[in-house]
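Written out below as structure tokens is the structure these notes cover.
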Amino acid sequence: MLQHTSLVLLLASIWTTRHPVQGADLVQDLSISTCRIMGVALVGRNKNPQMNFTEANEACKMLGLTLASRDQVESAQKSGFETCSYGWVGEQFSVIPRIFSNPRCGKNGKGVLIWNAPSSQKFKAYCHNSSDTWVNSCIPEIVTTFYPVLDTQTPATEFSVSSSAYLASSPDSTTPVSATTRAPPLTSMARKTKKICITEVYTEPITMATETEAFVASGAAFKNEAAGFGGVPTALLVLALLFFGAAAVLAVCYVKRYVKAFPFTTKNQQKEMIETKVVKEEKADDVNANEESKKTIKNPEEAKSPPKTTVRCLEAEV
């Protein structure tokens, strides 16, 4: 009994150790095309290249691949895969990919040619590697990575601005202005403009002629003259007083000078003539003061030029 048991164990050990060796021998016996196109490669045997459908499926699994489908073979053919051998695909028929016609390959046909043969018939196998990322495994591809570039340009925005202001060029217009403004991009540099406005005011000098004829005989005359210049500025009053004083001094000097040469007939005649002349001068000064005050009221903002004064001396006949 023990002998039978030991014999069974010996046979089992021999069988288990021989099986991997046979598998290794089968992998070494397989031949595969040098380059894979779109993951598809042609697989056969070194001694006996032909295999039935089951053997073709097992051969792909031994290589860590799967039996390719017709669509995968067609995709490889469009990428330049071409052979002159029929091979099994997953749909249990054999195909041959052709790019150029050849009488010896696929009966001078083009494309993926199909042969519906029984599964027992022997052909090579088309295996597919799903981990391939290159079109041709023999030609490494340079992968260029494009990083997204953020667009920092602000999209242009149109907005309508309605203004109730009138056009500056047509002040009489009553139609409100409606303007459409397009906002520029942030990247574009904004243009800077400078506007210089020069306002020139041309004023015509106003000549105010003031004629002063004065001969002051008493303090009452000064009061009447001051009342006549009520609407004139203080500076003009001061100038008028100065000219009055100068005129009075000149008049006194003149009278003293000519009294010695031509004595007066009577003091009463001299006094009457002086009083008559002073009254006329006061009336003329009142008229001039009223005209000057009217001009000042009409144009209060106009520039006033310094007045021109004329001094007339009083001549008294004796």
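For all residues, glycine too, the Cβ spot is worked out from N, Cα and C.
Among the candidates Cys35, Cys60, Cys197, the disulfide partner that Swiss-Prot records for Cys127 is Cys60. Between the listed disulfide-bonded residues, namely Cys60, Cys84, Cys127, the fewest other CB atoms within 10 angstroms of a CB are found at Cys84. Cys127 (disulfide bond) and Cys105 (disulfide bond) have their C-alpha atoms 20 Å apart, to the nearest angstrom. If you take the C-beta of Cys105 (disulfide bond) and look for same-chain residues 6 or more apart in sequence within under 8 angstroms, you find Thr83, Cys84, Ile96, Arg98.
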